[in-house]
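Q: Here TrEMBL flags 1-359 as domain 'FMN hydroxy acid dehydrogenase'. What TrEMBL lists as glyoxylate binding site is Tyr26, Tyr131, Arg166, His254, Arg257. Per TrEMBL, the feature FMN binding site maps to 79-81, Ser108, Gln129, Thr157, Lys230, Ser252, 285-289, 308-309. Taken from TrEMBL, the feature active site, proton acceptor covers His254.
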Amino acid sequence: MEGEPVNVNEFQELARQALPKIYYDYYSGGAEDEYTLKQNVEAFQGITIRPRILVDISRIDLSTTVLGYKISAPILIAPSAKHKWAHPEGEVATARAAAACDTIMILSYRSTCTIEEVASSCNAVRFFQCYVYKRRDISANLVQRAERCGYKAIVLTVDSPRLGRREKDIKNKMVNPQLKNFEGLVSTQVSTDDGSNIEAFDANTAFDASLSWKDIGWLRSITNLPVLLKGVLTHEDAIKAVEVGVDGIVVSNHGARQLDYVPPSISVLEEVVDAVKGKVPVLFDGGIRRGTDVFKALALGAQAVLIGRPAVYGLAAKGEYGVKSVIEMLRDELELTMALSGCPTLNHISRKHVRTKHERPRSML
């Protein structure tokens, strides 16, 4: 590719060229047939924008708050694993890019830099993502280390009682790196002679398959930090999440890496937002590749969006500068979309600014 990339999709191609196939497949791949993986991106094409004209857009303000923390634009870094596979500086480079863009990074529990290393790399607001294990002391250790290091919220992933079947990793005989956050807690070296050891690792660290709604109370009891649930896709679960007292919801299908043939995240966002009725913030994760995608998610009720793969592609292509460039590209595209749609602030973006695939034009209603 000649010249600098001009959109996020071009960063993906640069990442494909830069990475060994086994690593690129890990980042880009999904579960089984990868139907939902494709739909996560393509579903945005079924949503059109209804711009308003003759609005004063001489000043555009993209700033917002998440859990009371002000950020420059409604674009956060989603938790994703093993950034050192993409770049030698790993999550530290990603964290610095997020800080430079005045936004929030959610650090994955499976980071290749430790909770402490990322915390000391720069001064910024960041959240920590975790799971609950059968050995609750492992979860408690990670959560409490994050709290001591100044992380501002815990993002509990709840869509993974078991690991999804990621066939590219199996074919590639993917072998996990040592994960430094777990040193001294469990064996961080797993060997297997048959296929990927990704699944073997998770079996060894023992996700708690009995995890249920009552266990949210346990998590809240071991930390003073707000707790968000990541992986909500239905009206029913959104209502239940509010009932058990979570502080926020992330609409997400895990980047289509868990259960294939679930709906694309954007198609269920409004369902979750309607269920929550404004009681807690709803964030969105899945398929964001353009500023117009961000705009559509905000119009359907999200307070902010998360980007996972785009950040990793930027990291693989150009390190910290690449991550920063990806965030800035999406931010600039969002600003232009807002201007051309007649929305000088995020508060001006409403449900009336988009039409979903099966809606009739308003003149016909």
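Cβ atoms are placed via backbone N, Cα and C, with glycine included.
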Q: Need one number for the glyoxylate-binding residues Tyr26, Tyr131, Arg166, His254, Arg257: the maximum pairwise CA distance in Å, whole number please.
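A: Spelled out: the longest distance between any two Cα atoms in Tyr26, Tyr131, Arg166, His254, Arg257 is 20 Å.
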Q: Could you check which of the binding-site residues Tyr26, Tyr131, His254, Arg257 is the closest Cα neighbour of Ala81 (FMN binding site)?
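A: Sorting the binding-site residues by distance from Ala81 (FMN binding site), the top entry is Tyr26.
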Q: Which ones in the same chain are close to Gln129 (FMN binding site), with CB under 8 Å and 6+ residues apart in sequence?
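A: Long-range Cβ contacts: Pro79, Ile106, Leu107, Ser108, Tyr109, Ile154, Val155, Leu156, Thr157, Lys230.
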Q: Around Tyr131 (glyoxylate binding site), which residues of its chain at least 6 apart sit with Cβ under 8 Å of its Cβ?
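A: Tyr109, Ser139, Leu156, Thr157, Ser160, Phe207, Asp208 - these are the non-local Cβ neighbours of Tyr131 (glyoxylate binding site), listed in sequence order.
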Q: Measuring Cα to Cα, how many Å separate Arg309 (FMN binding site) from Tyr26 (glyoxylate binding site)?
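A: Taking the Cα atoms only, Arg309 (FMN binding site) lies 11 Å from Tyr26 (glyoxylate binding site).
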Q: Does Arg257 (glyoxylate binding site) have same-chain partners at least 6 apart in sequence with Cβ under 8 Å from its own Cβ, and which are they?
A: Gly29, Gly30, Ala31, Leu37, Gly164, Arg166
Q: Are there any residues at least 6 positions away along the chain from Asp285 (FMN binding site) with a Cβ closer than 8 Å to its Cβ? List them or say none.
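A: In sequence order, the residues whose Cβ lies under 8 Å from that of Asp285 (FMN binding site) (at least 6 apart) are Ala78, Lys230, Val250, Val251, Ser252, Gly255, Ser265, Val305, Leu306, Gly308.
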Q: Where among the binding-site residues Arg166, Lys230, Arg289, Arg309 do you find the Cβ with the fewest other Cβ atoms within 10 Å?
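A: So among Arg166, Lys230, Arg289, Arg309, the binding-site residues given, the one with the fewest Cβ atoms within 10 Å is Arg289.
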Q: What's the CA to CA span in angstrom from Gly287 (FMN binding site) over to Tyr26 (glyoxylate binding site)?
A: 16
Q: Please give me the CB contact count at 10 A for Pro79 (FMN binding site), counting all chains in the structure.
A: 25
Q: Please work out the number of neighbouring Cβ atoms within 10 Å of the Cβ of Gly287 (FMN binding site), leaving out its own Cβ.
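A: There are 27 of them.
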